[in-house]
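This report concerns only the one structure given below.
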Ligand code: GDP
Ligand code: MG
């Protein structure tokens, strides 16, 4: 079965605070499949492309400084409804508006230090996957697929 894909990123604060495993665990526990992962220090140019739609916002400079402050963990996850469900697992953009049980609701406070990124639509997910993983992702059918999907 070919599933939807989303781009999920642990931002520099999440890596620095040692929350990579915790964030991965939540996607694994749900049943989604990890199909790409890279720890990397993104260039400002890559981040300007990634956040191009926010370039006119007053917080853009701060966002660039935050996102270039250290390595990030770039990932692609696959599964039924993974774009929308991934956003639910992350929580609201503003962590103070995020419910407990979500990543942002459980682990952070400020919108400018909100630990993680998740694509907001299937179309944007495919664009972000192409941007962060230009060489592609793995293709692997899990043995446990029948335990996750009806
Ligand atoms: P997301 O899709 O939930 O990550 O939110 P957006 O796409 O709207 O914004 C991208 C990122 O920019 C957010 O995750 C925040 O890190 C940052 N951001 C968004 N809005 C604000 C804001 O009002 N102030 C600051 N400082 N950062 C913001
Ligand atoms: Mg966004």
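Keep in mind that glycine also has a Cβ here, set from the backbone N, Cα and C atoms.
Because TrEMBL annotations are produced automatically, they should be read as predictions rather than curated entries.
TrEMBL annotates 11, 59, 87, 93, 104 as ATP-binding residues; of 29, 114, the candidate listed for that same site is 114. Cα to Cα, residue 87 (ATP binding site) and residue 117 (active site, pros-phosphohistidine intermediate) are separated by 8 Å. Counting every protein chain shown, the number of other Cβ atoms lying within 10 Å of the Cβ of residue 104 (ATP binding site) is 23. Cα of residue 104 (ATP binding site) to Cα of residue 117 (active site, pros-phosphohistidine intermediate): a span of 10 Å.
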